[in-house]
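Colleague: My questions all concern the structure below.
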Amino acid sequence: MLTDSFSFPSFFQWTKENGSMKNINNSSINKGTDDRVDKPQEKKLKSLNNSNSSNNSNNNMLSCQTACEVQIVPMAMDNDCRFLDYNIIDQSDLDLNNSFDDDDGMDYQTSSSTSTTTTTNTTTSISPFSLITYPLSLLKSIAKNNNNSSKKEEEDQQLIEQQLYQYQQYQQHQQQNQQVESIKKKINSFEELPLEIIVHIFSFLDYKDLNTRVSLVNKNIKEISEVYTIWKYLYYSEFRLAKGNKKKKLFHLDINSIYNNITPTAATSKLNNSNVVTESIGNNTTEIFKDYKQLYKKRFIVEKNWRRGICSVQTLYGHQDGVWGVQFHGDMLVSGCEDGVMKVWDINEGECLNTLIGHQDVVNSFHFEGDRIISGSDDSTLKMWNAHTGQCVNTFRGHQGSVWMLEFKDNCLVSGGDDKMVRVWDTNTGQLIQNLEGHSGRIYYVQMGNNLVVSGAQDRSCRVWDLRSSECVHSMTSNSPVHCLQINGDLWDGGDWAVASGHNNGSISIWNLRTGSLQAMLSNPLCCPVWHIQFRKNNIFTSSCNDLHSWNLGKALEPVNHSLDPTPTQHQLTSSKVFKGHTKSIKHFQVKDNRLVSGGLDNKIKVWDLDKPGNNYLYTLVGHTKSVDWLEFKKDKLISCSADHTIRIWDFYS
């Protein structure tokens, strides 16, 4: 194997004699190394080589007069090994004889070649392909040619790949152009459709499509995508699933759907003449065109902030005692204090507009609607106030004890209290219209419908009253005093309404309002009295000590066929979820849409997302230094009041 450290054999020594080169060893150049020279002669030659290499200026240095070639020829087999030898052949010998005999008897052929040499008197110029470097240069040249060829192949391959890539890009560009042209044709054909059909198609798109993608098509499509009806439908379908006020729905519950055999009395005529409980809805009303696109954007931001707990907080100071209740509409807020003083606030400015002073004792309940505020107190009176001026418009006297609960609609006011009487008043004149007698205990709760009232009392019963006859239609008796109740008309088909009642012993009952029968009840009562109860879809929410409970109505929602089963089976309520988080008793909570908010004695407000899978808990709002006694939220605002004498406004939009 040839390497860069290859050295010529020392026995290849030449001298110049009679113009021709002779071997000073006087031995055949084609013999094997074992027969060419003995060891003493080899040492002599090596010493001669060393001396010649050290004296570069010696004019008698052995040189070649004529050019020489190196030819690699095979040698004879020796001990089963094959060797390569180097034949140093004179050019003149090649011209005279192209073959020579070796001692082994084999005839080797040499290739003729011509080389040009330049001879001087002192030195002989050696060809660029020197004797020693020629084999290496040859191999390097071959390797270089191979490298050059491989590089060329790589360059050709890269060029082919580049051209192929460019061709693919060209094809993609052509396809995109074809798609764009096709889309343009489709858009043109789409724009030729009637406007009503285009609007109907756009109504199936979501907010992101309408606000970003569709508006980027062209100017005409953008203008169509901003049509009022599209955004109105989108707004109501996503954020106003339960259209209308649920409280107003209660007034659509007419006594005729419950009891149809009562003959109108003088009291009924009196009510009809004064339009006490009649709700008229105009058919020729003109709809106010709102910017539903902006409404949707605002609501979208509000919902996102509700989920993330992003809000600004404003604290209202002014009460001298604990604040136990708040209620707000629009920009006006009404608060009730334990010292019997009520205040009207401007939510935007955070200022107290009016202070309502007139009751001589604690205010137990109040109702704020429109510009009217009606309050009930332990001083046995009810008062009606003008929210804008703060003046007392009317005082209702007749109860013989504390007034615990009241509700009004239009010019009809219903109240209940310690005297075990449900009283009906005319808000315009302040006169007592009816006394509904039947309860044998304190009345804790009343709720109105159209021509009917539902009341719950300490005598363990809920009663349904017909305002046309002043008679009790149904008396629904349980085993514990009733602290709260809630009417719901979305549970059953066929016009049947439900009443859920919470009791002092921690039990819950579901009643059919039309038949007065018990549909479902809680088998294992809670450990604490139920002071607040709310419906949401097919569930009932209640609080018990530190926890909130969601109860699945289950089989109680099955349609009731009273002709086949006049006494339907009572079903058991099952708990579907328990909301833990408060460390002390819960004072109040509210459920609306997909949101549950609660406040308690631990001075904290907790927020849950009912549509969130798994754990519904979102976050905790802190700020009050004493118990959170009441709270109310609507859209972008949550308002809470506390025993620390303050009111806090949590704004999820600003």
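Cβ atoms here come from the backbone N, Cα and C positions, even for glycine.
All TrEMBL annotations are machine predictions without curation.
If you look up TrEMBL, you'll see 110-122 marked as compositional bias 'Low complexity'. Sequence annotations record features per position, and here TrEMBL assigns domain 'F-box' to 187-234. Residues or ranges marked as region 'Disordered' in TrEMBL: 100-122. According to TrEMBL, the feature repeat 'WD' maps to 316-355, 356-395, 396-435, 436-475, 579-611, 621-654.
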Colleague: In the same chain, which residue numbers or ranges, 6 or more beyond the ends of the repeat 'WD' (579-611), come under 8 angstroms Cβ to Cβ?
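Modeller: Same-chain contacts beyond the ends: 241-242, 306-307, 309, 528, 532, 534, 536, 541, 543, 545-550, 617-622, 624-634, 638, 640, 642.
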Colleague: With Cβ-Cβ distances below 8 Å as the criterion, list the same-chain residues six or more beyond the ends of the repeat 'WD' (316-355) that contact it, or say none.
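Modeller: Residues packing against the repeat 'WD' (316-355) from afar: 361-363, 365-370, 373, 375, 377, 385, 387-390, 626, 629-632, 634, 637, 639-649.
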Colleague: With DSSP as the reference, give the number of residues of the repeat 'WD' (579-611) in helix, strand and coil.
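Modeller: Breakdown, helix to coil: 0 helix, 19 strand, 14 coil.
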Colleague: Tally of helix, strand and coil residues over the repeat 'WD' (316-355) according to DSSP?
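Modeller: Going by DSSP assignments, the repeat 'WD' (316-355) contains 0 helix, 24 strand, 16 coil.
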